[in-house]
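Worksheet: the structure to be examined is printed underneath.
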């Protein structure tokens, strides 16, 4: 069995797979301590290998790797940046500046689609990347996600105060808000959907209307109605991780 981890800005996503990437366990952790606590309950699983992708600092990643190697008898593989992987060419002028999670997601998408594709990852930040049919990464965009937009309004606007339960209820409709939570949540979601629509229009122009659309990240479901033909793949980064860090 293989332990896989995607260490993002806010959360650590993990899963244990066997065979053809069949998941036998998994979860989300808000900190290294929470992750270790979750994984401790899985120590009975015969984990023989570990691979991870991290957007954290090198020091933070090294500390996490050390803790993982104490939990399981493994030597963890850590994905690194590259100019090229699996037929995809990194489009950044300084390839090392492209976030590793973005890189693995767009590589995975092209590997699965075998044609031009648009990849939108809706997490704390929202990223969009365009990949041509020949594997050339054209570049992409970054904007705040729902969580960031919401937190910035709460932080910098004194009279905006509401809890997460109110936020969830507010998204039951997109009618004009009649309370602060409704106005903020629906306004942010409409901005997010507008961004997604614009990305699709740009992809059709640059890549052609038959390009494949991939949605991933925690808020992908919030925009799926905007792109009826999109493939929603929560584990897209893990597909790319397997390409970057193959294990026999």
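Yeah, the Cβs are placed from backbone N, Cα and C, and that goes for glycine too.
Annotation comment: Swiss-Prot describes 6, 7, 8, 9, 10, 11, 12, 13, 124 as ATP binding site. Taking all protein chains in view, 25 other C-beta atoms sit within 10 angstroms of the C-beta of residue 6 (ATP binding site). A strand conformation is recorded for residue 6 (ATP binding site) in the three-state DSSP classification.
Under DSSP, residue 102 (substrate binding site) is assigned to a helix (H, G or I) in the three-state scheme. Counting every protein chain shown, 22 other Cβ atoms lie within 10 Å of the Cβ of residue 102 (substrate binding site). For 92, 99, 100, 101, 102, 180, the entry in Swiss-Prot reads substrate binding site.
Listed in sequence order, the residues of the same chain lying 6 or more apart from residue 101 (substrate binding site) and placing their CB within less than 8 Å of its CB are 6, 8, 53, 55, 121, 237. Annotation comment: Swiss-Prot describes 101 as active site, proton acceptor.
The feature K(+) binding site is assigned by Swiss-Prot to 121, with a curator's inference given as support.
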Take the Cβ of residue 10 (ATP binding site) and count every other Cβ within 10 Å, whichever protein chain it belongs to. 13
Could you say whether, by DSSP, residue 121 (K(+) binding site) belongs to a helix, a strand or a coil region? strand
Tell me, how many other CB atoms lie within 10 A of the CB of residue 99 (substrate binding site), whichever protein chain they belong to? 20
